[in-house]
Amino acid sequence: MFDYRRFCTKNTLIGLGLGQFLSILITSTGFTSSELAKKGINAPTSQSFLNYVFLAVVYGAILLYRWKALKAKWYYYILLGLVDVEANFLVVKAYQYTSLTSVMLLDCWSIPSVMLLTWIFLKTKYRFKKITGVVVCIAGLVLVVFSDVHAGDRAGGSNPRKGDLLVIAGSTLYAISNVSEEFLVKNADRVELMAMLGLFGGIISAIQISILERNELRSIHWSAEAALPFVGFAVAMFMFYSLVPVLLKINGSTMLNLSLLTSDMWAVLIRIFAYHEKVDWMYFVAFGAVAVGLVIYSGGDNNQDQLPPDAAEDHRPSKQDEEANAGNHSKGAAAGTSKAWVA
């Protein structure tokens, strides 16, 4: 029997509210990216640059205040920054070619990607229920692609299939970034990780902007309508990066995954009511499949669902973080950036 008293606890209610706030943040980053694309502004790296600057300034100041040596090698953070920047670039670039809804749904590809990488490199075991959930999610992703092919003239982009491929590629890079973060967070800490990611991500972004987007930025007629989406994207991403660990600490990965799932719903509502676009019926079938798959994947979230072969009893709680890593980017990329940090 369902225990309402166990469900209606302070932490659960806080988690529900915070989870929906994170979901709205992710949707808002997709909304701002889509708005810039509609205005003909094609500067994906520039969008993410401000977020890296915010991370470097805020968390870098905390790191300097601590005045301690880095717990991980600095060159690890350079590689992580490179992967993260290119993941953001590909996903934000996808908004030039496909719809907001497709980006939000296809970003779920990061879940099976993370599972594969953790299985290969971290020797993590996944039980049948987790694998079943991933298979259902992938079925939903296939439906999204077919939907864009079937209704290309209504999919909200000039080349939906190219956009879908960019999202899948970006989500794969997010998976690599996610697994790398898991490795680094065990040897460093969250503040160091975000500070160094902000620093090197900002440097790499600046170099890429000078090469690829310099002319694009010069051609933009800067006004409030053009500048506000840039700033809004960066602020929303910074808040998302900062608040995800709070939700993980209070409620764990199940609440995070289920909360971010609703970002697809917010995306569809924005597309219908803000853009006044028609949504192909296959989107709803795809959404249902992804929703069921993520519920199966997140259901029964406990320490025994995902354990490496040699895990000792006293190390089991840490495996919950690994499971969070497998799911926490399921919506990250919609922002270009879809992130969840291990608390």
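Positions of Cβ are set from backbone N, Cα and C atoms, glycine also.
Residues or ranges marked as transmembrane segment in TrEMBL: 12-29 (among others).
Cβ atoms under 8 Å from those of the transmembrane segment (49-67) belong to residues 85, 191-192, 194-195, 197-199, 201-202, 205-206, 209, 230-231, 233-235, 237-238, 241, 337 of the same chain, restricted to positions at least 6 beyond its ends. Sequence annotations record features per position, and here TrEMBL assigns transmembrane segment to 49-67 (among others).
What TrEMBL lists as transmembrane segment is 74-95 (among others).
Residues annotated as transmembrane segment in TrEMBL: 101-122 (among others).
Taken from TrEMBL, the feature transmembrane segment applies to 134-152 (among others).
Per TrEMBL, transmembrane segment is recorded for 193-212 (among others). Long-range Cβ contacts of the transmembrane segment (193-212) within its own chain (Cβ-Cβ under 8 Å, at least 6 residues beyond either end) map to 43, 45-46, 48-49, 51-60, 62-63, 70, 74, 77-78, 80-82, 84-85, 89, 181, 184-185, 241-242, 341.
The annotation transmembrane segment is assigned in TrEMBL to 224-244 (among others).
Residues annotated as transmembrane segment in TrEMBL: 281-300 (among others).
Annotation source TrEMBL lists region 'Disordered' at 306-343.
As annotated by TrEMBL, compositional bias 'Basic and acidic residues' applies to 312-322.
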Same-chain residues near the transmembrane segment (74-95), Cβ under 8 Å, at least 6 residues beyond its ends: 30, 33-34, 36-37, 42, 44-45, 47-48, 52, 103, 107, 157, 163-164, 166-167, 169-171, 173-174, 176-177, 180-181, 184, 193, 196-197, 199-201, 203-205, 208, 333-338
